[in-house]
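Undergrad: After the structure tokens below, expect a handful of questions from me.
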């Protein structure tokens, strides 16, 4: 149904009563109007304090949240087999979005992003990168590898609200092992950088090689 009509009926206004500054609903408002079952967000950060902060913000926004302290633990949750990025376990299909810190020991958030995008069954899961450092080259690399957004810490409620724009619709995995997906969200496709200076990354040929395999401890 047309969102304009919904707003008109809700406020008991006719079409001539809308203010001249009226704009079409944002992607967040549109997504809220076609609400789906509780979205599951996987939050990855090696800092216990930062994990608590992002978990609290996500739960306040009514997300189901799973938090882990490393990229390798995230891959376990996603069901990636040791050293293999071509198949995953069924539990992976219940994750609708991943938000991960960039700087982590062992395996960075950037490496996690590349692994997810290189894994056939996971590459459509939206990934958002967080970092306390506003480094343009790093931001461009992440966006070029497929990250939806790059958020500058500390994460705020306004940042979390924007995540609605990137939530992937729910998928299901038939018994045959193949993946049947509702497809990626078409509500919002613009990637952003949530930095104080509003830096918008542009396409760049710079890219690091993808991981050949990941060993999950």
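Glycine is treated like the rest: Cβ placed from N, Cα and C.
For reference, TrEMBL lists these features for the protein:
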DOMAIN    40-168  domain 'Response regulatory'
MOD_RES   101  4-aspartylphosphate
Undergrad: Under the DSSP assignment, what numbers of helix, strand and coil residues are found in the domain 'Response regulatory' (40-168)?
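TA: Split into helix, strand and coil, the domain 'Response regulatory' (40-168) gives 55 helix, 26 strand, 48 coil.
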Undergrad: In sequence order, which residues at least six apart in the same chain have a CB under 8 Å from the CB of residue 101 (4-aspartylphosphate)?
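TA: The list for residue 101 (4-aspartylphosphate) reads 44, 45, 46, 47, 50, 109, 129, 130, 131, given in order along the sequence.
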Undergrad: Between 0 and 100, where does the mean pLDDT of the domain 'Response regulatory' (40-168) sit?
TA: 92
